[in-house]
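Here the structure is laid out as structure tokens; the discussion comes afterwards.
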2 protein chains.
Amino acid sequence: MAKQPTHVDTDDLSRRITRAPFPGSRKVYIDGAQSGVRVPFREIALTDTLVHEGPGEPRREPNPPLRVYDASGPYTDPDARIDITRGLLGLRTAWIDARGDTEVLPGLTSAYGRERLDDPALSALRMAASPVLRRAKPGANVSQMHYARRGIVTPEMEFVAVRENLLKAQLRERLLTERLPKRGHGFGATMLQDITPEFVRSEVARGRAVIPCNVNHPESEPMAIGRNFLVKVNANIGNSAVTSGIEEEVDKLVWAIRWGADTVMDLSTGDNIHETREWILRNSPVPIGTVPLYQALEKVHGKAEELSWPLFRDTLIEQAEQGVDYFTIHAGVRLAYVPLTANRLTGIVSRGGSIMAKWCLAHHRESFLYEHFDEICEIMKAYDVCYSLGDGLRPGSIADANDEAQFAELHTLGELTQVAWKHDVQVMIEGPGHVPLQLVKENVDKQLEACFEAPFYTLGPLITDISPGYDHISSAMGAANIGWYGTAMLCYVTPKEHLGLPNRDDVKQGLIAYKIAAHAADLAKGFAGAQMWDNAVSKARFEFRWEDQFRLAIDPDTAMAYHDETLPKENAKVAHFCSMCGPKFCSMKISQEVREFARLNPAVKPDALPVVEVHRALGEKAVEFRERGSEIYL
Amino acid sequence: MAKQPTHVDTDDLSRRITRAPFPGSRKVYIDGAQSGVRVPFREIALTDTLVHEGPGEPRREPNPPLRVYDASGPYTDPDARIDITRGLLGLRTAWIDARGDTEVLPGLTSAYGRERLDDPALSALRMAASPVLRRAKPGANVSQMHYARRGIVTPEMEFVAVRENLLKAQLRERLLTERLPKRGHGFGATMLQDITPEFVRSEVARGRAVIPCNVNHPESEPMAIGRNFLVKVNANIGNSAVTSGIEEEVDKLVWAIRWGADTVMDLSTGDNIHETREWILRNSPVPIGTVPLYQALEKVHGKAEELSWPLFRDTLIEQAEQGVDYFTIHAGVRLAYVPLTANRLTGIVSRGGSIMAKWCLAHHRESFLYEHFDEICEIMKAYDVCYSLGDGLRPGSIADANDEAQFAELHTLGELTQVAWKHDVQVMIEGPGHVPLQLVKENVDKQLEACFEAPFYTLGPLITDISPGYDHISSAMGAANIGWYGTAMLCYVTPKEHLGLPNRDDVKQGLIAYKIAAHAADLAKGFAGAQMWDNAVSKARFEFRWEDQFRLAIDPDTAMAYHDETLPKENAKVAHFCSMCGPKFCSMKISQEVREFARLNPAVKPDALPVVEVHRALGEKAVEFRERGSEIYL
């Protein structure tokens, strides 16, 4: 085992954190109607299109900047002052205050939290500032679902509406010149052109979306997870007993949100996870999720059979008071389901699932998580912690996919969803895992039905088991499909899955693969605004605006580095070809020459157009084109 | 432009070539009934499972070796003697001879081929040996389709049958202990348990599969491309005028087949492409495809309008006599379709398509490829070159997907398929490109109908445009789906797509992503035998047989390197955990403990099992399990 650290090297931490803005990009904010609703976007500046119409200087056509969804928080805003040792500013503090339904606590109420705080040996691991501690006033329920069901549009909901509305975030000029998006196929998802605060409220009230935002995590920028919003991506970080310290994990947090993590789960095990979590929460602008069972198991020195409800309850309160926004709770692993895994190829592969199975068998009784579920709800609503009901019996191999153990647990998760909703507590449902392509959709269909459309949150799924070292790819393939079918959030997988703890680069590789999957799902569902990004890349590509193509890429650094590997000279950045095909064989260049040739040779006219099937979405443009049939290219 | 090389450094070439067998693997051959049919497989040896049943030495259960499809040729057989300067042995020479329908030519019949041969300045670029040159006897047709339609099962067809039959390739013990494969969904594909030579013949006769095998490429190991066989992957190699020489390209060929390329396209442009191709063909155990138009364009110094039928015809003969197995022919780019691309976001992105569009417009006449299609067929059947009808108007962006230009061309490709089939010439159809997820299936559906189930061969498709630098991933996502829907061969995309010429590592990265896609498609279609590989990986994983997991991985080197990054010690290879979760949190370990606990505590019994839905494929096992209900784990 690695030696556990005894202090945090804040100089080292500050050096690690990446704070550079993205190339050619700036942070812009769009205000909402409610006070303090100021929603960040990344605005990518683009260069002009040069139109060559004969000899002399080309005409310049401006390309409006593109605004994209931005989960990177203040770190990419050069104007933001950030002190890692004190944490981010509390964006939501005033909103929470104004609701008047929380009370400020004099101190931590969990036994373990107090014990850690009272241990002077840990002072070198603690941050410089302590946050204000809040809890719902007695009898109050501070969940976003509770507000939504009473018809209240909170600032959090308005923030989400502005954030999701990529169409509105674009300038008017872009809208007027935009290529029509492809007709989507959303399998029943509701694709609004214009996402309103009221729509967000109705989705949260209905339980079809969640906004994970603990009152003790006011630093977070509200975001929604739901089938009728953009598909989100979660990144898992956290040390294990074998490797990694607090500095690495905070750095991974900032790095993960730079590459698009919409939420981050801190899955730390080993010592000091209370303190590690505090550093992560105070510096995180995205919701943080945890699996409290991991810490509970540490408290009983890894002996699952020694877990108990009082110990677990204290852990929930400890973490809720730190500000964790969602808890994975494996309450669906019931005693009777454990034998269903007996003839599996890979048994139980969820850590939480295997811990609970061991507890159930050892005590030969029903899971304490299942039996105390109502009491857990009481804690959740006192802080607004969202459930992420864990799929402890998810399949760990193609052979075990969609089996009876998995679906038995899913039905229990649906039952528990209804219990949580009776408490107005937000819920999402975790899903697999390892599933071959042809069985992926069944997971979504069954989940939507069994869990009443509560947001689905899946790990991949990997669509084959043969790819250790490349499981980010095989799982992102499954993720693109399951996102398209209706999964609301995709939990990433890194190249190290099944092999070791991911490092910084693994985190990035996992995120890029999953952001591609999520964006592809958005496109496929027909989200208005999603295709604008693709169009901007493709237009830049066709016009040889290399710098624009790099800065529009999902990873500008890599795109530029790959291009420069073979054509590093500055003038190659304006060249009308790249090294892949060379100058004579660049189809884009020839295609432009075709247009230019037609322009200079107006006498060249094609025969009458054949009657061909016209794609519906392009119908109008095709008609318009035929009407001006005598000109090949305008 | 880079300086073109004047000689081949054979020492350098021999040093580059990778000839090591895969870890823990050996080449095995299975004989067919016909003489010389000796089909290679890679056999992966596995260690024993250790069953701990109490104190003392564990009981050992052997795991039978796994045999997997192997396109890597003699390079991974340490017993094979290979001289790169003379090329591989002619596996098929005796079969071609025995058919008696070819004549040996006294020399090259193409004007360009003779011109190159007569140029003494090129002697340092030539190989040490010249192959025997063959052509069909006058009036004969030497295509596999022609034989198939006359009811002849050729050795090539039998070779394919043995090769595709992964079930039969496995040992009897494995079959008896194997986990049932998941029920597939093949969208109408025929999934045989037992693939017979007669089935291969009938598929080739019907045009639903092709076996690209030019009589002048006897070095190739026959393989089939068709919807009712394993999904194949093509890798593009070839230098451009900007970079790379013959040594690099031959090395890329061997490297590409090592990582699973089923066919390789040589897309070289620039000088010396005749000689480069000769080196590639003579050393290739997989079919080689080309786009003859590229070389034709070089011959007219890049001026598309100077292309002509006689020049193109000479190029076809030149390449057919070298042994190219399939030609991409862009005969579907008709004059009337060019204007349909006018309002596209990215115009024409196929090199061949843009060249032909430019020619058509410049001459204001129908494409010479379309007009001379019958004559091209005459050449194809004289050498058995297979058509790969190019999709010159494929979409180059999400905005242009599934548009009228694309589908107009597809219908022409269907018309040309029927013409080729009248000549008993083999045909496959190329497909896109850039297509959002929800429009991918329409491509397969329309292709199957328009082209009468001729094998579909698609480039990706990329399911978003925003991923330059990671287009191997976004396109492999599309490829997994389109392979599942019925595409027979997937043309890989490397990380350098849109940015530059791929290097050796890019070739590998592209191939791994695509082999994952192809295998996932095989699994999803329900190919008997595909899931055996997944099961072997998962069983090794569950039993902590780390070395077995590495050698079974799609890329053993990377899997082991990633594991060793955090736990490099030798004893970690037998550890029952990895650095991802550490020892206390390994679910697989806990899951095994659960089984062990149950074994040691037979008094612990679960409640009566709940009535849950039982997945059909597991039905029998589930019934069997219920019958022994009083034992949790056997």
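Heads up, the Cβ atoms here are built off N, Cα and C, so glycines get one too.
As written in TrEMBL, here are the features:
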- B:N236, B:M265, B:Y294, B:H330, B:S350, B:R351, B:G352, B:D391, B:G392, B:L393, B:R394, B:E430, B:Y457: substrate binding site (BINDING)
- B:H434, B:H498: Zn(2+) binding site (BINDING)
- B:C578, B:C581, B:C586: [4Fe-4S] cluster binding site (BINDING)
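Checking the binding-site residues B:N236, B:Y294, B:G392, B:H498 against chain A with a Cβ-Cβ cut-off under 8 Å leaves B:Y294, B:H498, in sequence order. Look at the binding-site residues B:Y294, B:Y457 and count other Cβ atoms within 10 Å of each Cβ; B:Y294 has the fewest. Of the binding-site residues B:N236, B:S350, B:S350 has the largest number of other Cβ atoms within 10 Å of its own Cβ. Long-range Cβ proximity for B:R394 (substrate binding site), meaning a same-chain Cβ under 8 A and a gap of 6 or more residues, is found for B:V349, B:S350, B:G353, B:Q406, B:E430, B:G431, B:P432, B:G433, B:L459. For B:H498 (Zn(2+) binding site), the spatially nearest entry among the binding-site residues B:N236, B:Y294, B:G352, B:G392, B:Y457 is B:N236, judged by CA separation. One residue stands out among the binding-site residues B:G352, B:G392 for having the most other Cβ atoms within 10 Å of its Cβ: B:G392. In the three-state DSSP assignment, the secondary structure recorded for B:Y294 (substrate binding site) is helix. By neighbour count, meaning other C-beta atoms within 10 Å, the densest spot among the binding-site residues B:H434, B:H498 is B:H434. DSSP assigns B:S350 (substrate binding site) to coil, not to a helix or a strand.
Across B:N236, B:M265, B:Y294, B:H330, B:S350, B:R351, B:G352, B:D391, B:G392, B:L393, B:R394, B:E430, B:Y457, which the record gives as binding substrate, the greatest C-alpha separation is 20 Å. DSSP assigns B:Y457 (substrate binding site) to a strand in the three-state reduction.
Spacing of B:Y294 (substrate binding site) relative to B:H434 (Zn(2+) binding site) is 22 Å (Cα to Cα, whole number).
Each residue contributes its Cα atom, and for B:G352 (substrate binding site) and B:H434 (Zn(2+) binding site) those atoms are 17 Å apart.
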